[in-house]
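The following features are taken from TrEMBL:
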{"type": "DOMAIN", "residues": "38-286", "note": "domain 'NADP-dependent oxidoreductase'"}
{"type": "ACT_SITE", "residues": "TYR64", "note": "active site, proton donor"}
{"type": "SITE", "residues": "LYS94", "note": "site 'Lowers pKa of active site Tyr'"}
{"type": "BINDING", "residues": "HIS127", "note": "substrate binding site"}
Amino acid sequence: MANSSVVKIPEVKLSSSSTSGHHRNIPVIGMGSAADNLDGNNLKLAVLEAIKVGYRHFDTASLYGSEKALGDAIAEALRIGLVTCREELFITSKLWCTEAHPHLVKPALQKSLSSLQMAYLDLYLIHWPISAKPVEKYVYPIPEEELQPMDFKAVWEAMEECQRLGLTKSIGVSNFSCKKLETILSFATIPPSVNQVEMNPVWQQRKLVEFGKANGIVITAFSPLGGIGSSWGTNRVMDNETLNHIAKAHGKTVAQVCLRWIIEQGATAVVKSFSRERMKLNLEIFD
């Protein structure tokens, strides 16, 4: 039986999450799975712990190499009754640049679903607003000579078709500027539900947040704590003097202050932690 004592995370409605009038809600805090030198078994155990404390949104991507471990964890959670059905969870994955070509979008999504052992995603994002030469192996960063301009209209039409087919409940983008969002909106029949970008109190993305509010696009923050521990991250957020002062004054951690700030901007966040204690602390922000 599912644990009734877990934290209930608030949700935000996605405006374009259905072609049948039933909108999907996204939890305001989710668990990220991008990690350098990812250990699949450690991720599986961490996801199970996350479900136990209340996480229901899990963010992955074909690039991360975490889809299989996440799928294994969710299958195990269903088997042992941590959740009663797939519909209790919100799963996001992303289309990598090498597959951001009209004819490769659907096969890429189907490959992600196979890795996750699922029939559908809740949200599928274009990972970056650029395409790259199709290759078998995912590489980041992509060699400059392999980058290609994206055919935004054709790729977005393929994303829309995936939603219409029920392979994903919602579609969106990641790392898109206001200008690129305007391009998508100029021809979209299903507008993007989400734009996932780096966002934290030190990198506030005010223009994107306001653009999102004006156009029904939810902003999801990645690296809400500054990406500490990742190859691209820094300590600028966690060591920020003002944030530390606020945290001390309120008896909270800097991470809690950052996550609460993001939610107060009307955005959502995905935060990565494999520590049960930090997972719990990250959810103690709704008081």
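Our numbering is plain: 1 for the first residue shown, then up by one each step along the chain.
Cβ atoms here come from the backbone N, Cα and C positions, even for glycine.
Shown here: features listed in TrEMBL, placed on the structure.
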{"residue": "TYR64", "record": "active site, proton donor", "DSSP (3 states)": "helix"}
{"residue": "LYS94", "record": "site 'Lowers pKa of active site Tyr'", "DSSP (3 states)": "strand"}
{"residue": "HIS127", "record": "substrate binding site", "DSSP (3 states)": "coil"}
TYR64 (active site, proton donor) to the residue listed as 'substrate binding site': how many Å between their Cα atoms?
-> 11
Taking the Cβ of HIS127 (substrate binding site) as centre, how many other Cβ atoms lie within 10 Å?
-> 21
How many Å lie between the Cα of HIS127 (substrate binding site) and the Cα of LYS94 (site 'Lowers pKa of active site Tyr')?
-> 5
Least Cβ-crowded entry, counting other Cβ within 10 Å, from the recorded positions listed as TYR64, LYS94 = TYR64
